[in-house]
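What follows is a single structure, written as structure tokens, with notes after it.
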Amino acid sequence: MSAMYKDDQDDWMTVCLKYLLFVFNVLFWVGGAAVMGVGIWTLIDKSDYLSLLASSTFAVSAYILILAGALVMVTGFLGCCTVIREQRSCLSTYFCCLLLIFLIELVAGVLAYVYYQRLSEELKQHLNETMTENYAQPGKEAITLAVDRLQQDFKCCGSNNSFDWLHSVYMSSAVSEGRVVPDSCCKTITSLCGRRDHPSNIYKTEGGCITKLEQFLADHLLIIGAVGIGVACLQICGMVFTCCLHRRIKLDPY
């Protein structure tokens, strides 16, 4: 009698684990879609700014998130099939996939954290140089477009302030046609409006574009980190459920 009760109890616990793992995989699939969506949003939303950064760490962390999100969605679907098939070998493969994705997300999180720590210093060292030396120069069209969009989107002028443009290669040349700042600094853009740098005409944001861009990138990095940590915690639960179910399912006869 006690042996039958124990068998019934084991069967009940196995069924519960199957349902838990199935629900986990549904949530896991949704989480994968969220991770991939954040990665794509990071690259698409104001992606022009990436050309202003000295390193590619920010873009790499976003690409890793997209890869991890795609793998999560595929693994979530396979996980549901694994639960239905009830095979230990499939569960072992599924566990290895979860562990691999966890490590990929861990790498993305570490990259995002490291870049977050040195973001301010990198912008201070390189943004002003990039803007003043490359703006409106031959072969630097991507940087020129990025600077114009940066100043218009964030309503700023110059890396620290509008006076930074006085030392730029473009403003010192005859091509500038007497401008003291690019036209993208103007509150209302018209031809040659950059000749007048009065506060009524151009943006005089305190801290310049460095402060604005730093805050924008920091917000994105925090979102990357939060989503990665959330899905990673979900994965740990999934790995625990998988191990428990693996122990309770009897060995396949073949």
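Using the three backbone atoms N, Cα and C, a Cβ is placed for every residue, glycine included.
Curation plays no part in TrEMBL annotations; they are all automatic predictions.
What TrEMBL says about this one:
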TRANSMEM  20-44  transmembrane segment
TRANSMEM  64-84  transmembrane segment
TRANSMEM  91-116  transmembrane segment
DISULFID  CYS156-CYS186  disulfide bond
TRANSMEM  221-245  transmembrane segment
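Sequence-distant contacts (6 or more apart, same chain, Cβ under 8 Å) of CYS186 (disulfide bond) comprise CYS193, GLY194, ASN201, ILE202.
With a cut-off of 8 Å between CB atoms and residues at least 6 apart in sequence, the same chain places LEU150, TYR203, THR205, GLY208, CYS209, THR211, LYS212 near CYS156 (disulfide bond), listed in sequence order. Outside the transmembrane segment (20-44), and at least 6 residues removed from its termini, the chain residues within Cβ reach (under 8 Å) are 50, 58-59, 62-66, 68-77, 79-80, 83, 105, 220, 223-224, 227-228, 230-231, 234-235, 237-238, 241-242, 245.
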